[in-house]
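Per Swiss-Prot, the features are as follows:
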ACT_SITE  D289  active site, proton acceptor
BINDING   L132, A133, S134, A135, S136, V137, A138, Q139, V140, K154  ATP binding site
DOMAIN    126-490  domain 'Protein kinase'
TRANSMEM  30-47  transmembrane segment
TRANSMEM  489-507  transmembrane segment
TRANSMEM  513-530  transmembrane segment
Amino acid sequence: MKLLAVRRLLRIQSVVVRYRLDDLLFDQPLLPWWLRALGYLLPWRWLPRRRSEQPRAVRLRLALQDLGPIFIKFGQILSTRRDLLPEDIADELTWLQDRVPPFNPQQSVALIEEQLGARVDEAFARFDSEPLASASVAQVHAAQLKTGEEVVVKVVRPGLKAVIRQDLAWLYLFARLAERASTEARRLHLVDVVSDYEKTIYDELDLLREAANASQLKRNFEGSPLLYVPQIYWDWCRPKVLVMERIYGVPVTDLAALVDQGTDLKLLAERGVEIFFTQVFRDSFFHADMHPGNIFVSTRQPWDPQYIAIDCGIVGSLTPQDQDYLARNLLAFFKRDYRKVAQLHIDSGWVPADTQVNEFEAAIRTVCEPIFEKPLKDISFGQLLLRLFQTARRFNMEVQPQLVLLQKTLLNIEGLGRQLYPELDLWTTAKPFLERWMRKRMSPKAMLDNLQGQLEQLPHLAQMTRTALEDISRPAWDTRKRERHDHHLLRLLGAALLAGGVLLALQTPPTSANAWPSWLMLASGLYLLVGRRRLSD
């Protein structure tokens, strides 16, 4: 084992002892009873405790901060997994600050010049060596292009990949050991949690990916009064350097400044909710890191306020099927139709097909009824989704990364909205949007567009069906995947019948006595594509 890795392990161990995290580690059901009992023999467990010792959640947060940027980022990711963590720990981890000392400006300049293949004074009319901000992954410098535009230059912290690889190796080791020793750890899929983190952190290291995300989000809201996204200057973007328009706005948490400029806080809060649902249901592409540090408010027209979003390193998206099931789930909640909520979870494949609907419905009712007894303005949309996911986990709900990101984003938007306007009624804002979206989705135009999309797949239908059948026949194919493929095969069959019916109808007059096969194929195809879904409602 390399000396640096050993030193890092000793460093982690010393932090665990200093912050008495043995309480958190050895008192949890993640470890078997014999290992928890062994933990009580550790010498420092018998040392007297200070009266002023802080709660376990605070100690964990301080320890993660002490261990450095990679563990800070991991803690931030963990804070979104409220289905895994006790509430006090999840709440405390949201306070983790991703602020670290800046690295040497000379290193920053050298990296920029290496990436751009040009000297800084050749690329920019002005470059401020003193950074505007510094975080665990990158730091930001102000600059001006030769053409006069004010920009910011984001630079990835040098040497970060080596640190990430080392810390990830230890995180994977700890997660695997816990899963081998404990059924509870296996249920929580700790290795998968680390794997999700690995993907997130490496995605954030690729600034071209972040630039592409920002460009997509800007295009989605081009000309919108709701949201402004700074322009990306692609000629100066590289994997480790991003150049974008410099924005000037009021931090969304600076309520005093927003009030001073006469901002309509109620409208601002409602627009935050509208932005969220527009991203999720209209665009199926949402900014998944909308914490207050990444959101500003334009100083123009405070009576008609506009958000400004930066840092698009983490984004999420939903498939059309996930969009549909999510919208119908939320509308069923509005009606307190818990049986429909339970059935939708089964139909979507989020929980196993053999789940007892009656038992699942009863569990959902037990969680939701106390919440719905509150006034609508006091109900937390994000907390409701969280409680639902926690309940579904008891019924072996498979972790859906896209839904975890969505729930985290919703909690951020909802919390932000109620800081701006405590009387915000998120339900009143959301329900009309969802109903409009569902009506539009079931409109003749939408069905025609869907038919066109299915017809475009017709030349590939035979190969797609063959591939699906080969996959489903594999011994390792699990039940959940089999259910999803069954659903996919039925849609393929529906598309084939619909396309065949259309082609047959073009050759046979619809009033002819020989037209019945085309009508039968059209009706069967429509049933498989649309009717089955509506019947499940």
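Think of each number as a place in line: the chain as shown, counted from 1.
Even glycines carry a Cβ here, placed using N, Cα and C.
Owing to the predicted nature of the structure, the values given are computational and were not obtained by experimental measurement.
For A138 (ATP binding site), the Cβ neighbour count at a 10 Å cut-off comes to 25, with all displayed protein chains included. The residues near the ATP site, meaning same-chain residues not in L132, A133, S134, A135, S136, V137, A138, Q139, V140, K154 whose C-beta sits within 8 angstroms of the mean position of the site's C-beta atoms, are P102, P131, V155, R157, in sequence order.
Secondary structure at D289 (active site, proton acceptor), as computed by DSSP, is coil. Distance between Cα atoms for A138 (ATP binding site) and the residue listed as 'active site, proton acceptor': 16 Å, as a whole number. Confidence in the domain 'Protein kinase' (126-490), given as mean pLDDT, stands at 82.
The two recorded residues, S134 (ATP binding site) and D289 (active site, proton acceptor), have Cα atoms 17 Å apart.
For L132 (ATP binding site), other Cβ atoms within 10 Å of its Cβ number 14. Cβ neighbours within 10 Å of V140 (ATP binding site), excluding its own Cβ and spanning all shown chains: 22. Counting other Cβ atoms within 10 Å of each Cβ, the binding-site residues S134, S136 show the lowest value at S134.
Cβ neighbours of D289 (active site, proton acceptor) (same chain, under 8 Å, six or more residues apart in sequence): D311, C312, G313, I314, T409. According to DSSP, L132 (ATP binding site) is assigned to coil rather than to any helix or strand. Residues listed for ATP, L132, A133, S134, A135, S136, V137, A138, Q139, V140, K154, cover a largest CA to CA span of 14 Å.
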